[in-house]
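Undergrad: Before I ask anything, let me first share the structure, which is written out below as structure tokens.
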Amino acid sequence: MCILIVAVLFLTAWTFVMADDPRDEPDTVVRGGKLFSRARDEMNPAASKLNERDCVEVDYFCGIPFVFNGLCCSGNCVFVCTPQG
């Protein structure tokens, strides 16, 4: 039990020692770029392939029927994409 407590205390201290300190700007810059990834609001959304999802046209199979499942361009799925309205 004592070893477990010592291990937890050591890992907690290690986390605080290795945490990123924004005041250490020269230490976090590597060849003109940041060592750590940029904040979400600084990222380029056009660089992400996940933001470019194609939708399925009307009369094509869309899977399990859910309304607004995100697969159909119209938003209506009943095994095939149905027109909106």
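The backbone N, Cα and C atoms fix where each Cβ goes, and this holds for glycine too.
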Undergrad: According to Swiss-Prot, which residue among C62, C73 is joined to C77 by a disulfide bond?
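TA: So the cysteine paired with C77 in Swiss-Prot is C62.
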Undergrad: According to the record in Swiss-Prot, which candidate from C55, C81 pairs with C73 in a disulphide?
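TA: Answer per Swiss-Prot: C55.
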Undergrad: If one measures from the C-alpha of C72 (disulfide bond) to the C-alpha of C55 (disulfide bond), what distance in angstrom results, rounded to a whole number?
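TA: Rounded to a whole number, the Cα-Cα distance is 5 Å.
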Undergrad: Return the member of C55, C81, Q84 nearest to C62 (disulfide bond) in space, with distance defined Cα to Cα and candidates limited to these recorded positions.
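TA: The answer is C81.
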Undergrad: Can you see whether DSSP assigns C62 (disulfide bond) to helix, strand or coil?
TA: coil
Undergrad: Using Cα coordinates, what distance in whole Å links C77 (disulfide bond) and Q84 (glutamine amide)?
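TA: Taking the Cα atoms only, C77 (disulfide bond) lies 10 Å from Q84 (glutamine amide).
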Undergrad: Which entry in the list of disulfide-bonded residues, C55, C62, C81, has its Cβ near the fewest other Cβ atoms, using 10 Å as the limit?
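TA: The disulfide-bonded residues C55, C62, C81 were compared, and C55 has the fewest Cβ atoms within 10 Å.
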